[in-house]
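Here is the structure we will look at.
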Amino acid sequence: MPEQIIVIAMAVSFLITVILSPLFIPFLRRLKFGQSIREEGPKSHQKKSGTPTMGGIMILLSIIATTVWVTAKFSVLSAGTYLLLFVTIGYGVLGFLDDMIKVVMKRNLGLTSRQKFIGQLIIAVIFFFVYRQSGFSTALHIPGTDWSFDLGWAYGVLLLFMLVGGSNAVNLTDGLDGLLAGTAAIAFGAYAVLAWNQGQYDVAVFCVAVVGAVLGFLVFNAHPAKVFMGDTGSLALGGAIAAVAVLTKLELLLVVIGGVFVIETLSVIIQVASFKMTGKRVFRMSPLHHHYELVGWSEWRIVVTFWAVGLLFAMLGIYIEVWI
């Protein structure tokens, strides 16, 4: 398989997003689809109120169009491709509903936690059912070894945890200009390398399509952001990277490659647990990126630092799987 397929997929995806954004952002402004800012959040965020959100629609359109066209053109379209697109679209639609409630009904929290969880769970259950019926393996691979353990139907529990947990973890990371776009590009880039190394060219194409789309989006989302991806983008990216981990049989490696997402989630869990048990907070605010804001770090410094940490995690993940 020619390596040009990777370059083509990334370039096409990047260009679609870059071309769509200048057209779509003014449209969102006319509809008054602006982001509401929580009053309890950092005061510096209040100036971001009204910034167009739901930019994740552009990311999704780019990913879908690029993946379908490139995989079909190079004859690598497979059942796995459809599963990836299903999860991405499914979680994207769920995020879209959440965003619509926020901007139309002016309810800043969007869907209730229960509603969102049920939606995430339904998509994950359908994914597992189709995954199982398509004959994909239910074995759990131990990274860096030749060991694997067939979990059978119990694999479904792991899969549900990964999809629901992954989408929420990535969603939590979307709190600063360019933070999620950059860390997502790095994480999907790592999985693209590993998928290509396995010969799963359709998964690799999907991953680089995501990389191209979020990098194109980053042009308009870097500080000061002209648009936010909203839950439309963040939930879709979270579900997608979990699905990629499942299809590449590198489920456990997601904890490493997605290390930034894990740390952000743990900071929230630690904060809530500490406050409930002791009445005291460990961090000034969670997720962790907000803690650094209140400590006095500039937004750009936090974002670049998290990108660097994400890159180290991604390199470690590739090293564990390929060279150990």
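Cβ atoms here come from the backbone N, Cα and C positions, even for glycine.
Per Swiss-Prot, transmembrane segment is recorded for 5-25, 52-72, 76-96, 117-137, 147-167, 176-196, 203-223, 227-247, 250-270, 302-322.
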Six or more residues beyond either end and a Cβ under 8 Å away: which residues meet both conditions relative to the transmembrane segment (227-247)? 21, 24-25, 28, 35, 51-57, 59-60, 63, 80, 83-84, 87-92, 94-96, 98-99, 102, 110, 120, 123, 127, 131, 136, 159, 162-163, 165-171, 173-174, 180-181, 184, 187-188, 191, 195, 200, 203, 206-207, 210, 214, 217, 220-221, 253-254, 257-258, 261
With pairs closer than 6 in sequence left out, are the transmembrane segment (117-137) and the transmembrane segment (176-196) joined by 3 or more CB pairs under 8 Å? no
Thinking of Cβ pairs under 8 Å, which stretch from 5-25, 52-72, 250-270, 302-322 has the most of them with the transmembrane segment (203-223)? 5-25
Does the transmembrane segment (117-137) come close to the transmembrane segment (52-72), meaning at least 3 CB pairs under 8 Å for residues 6 or more apart? no
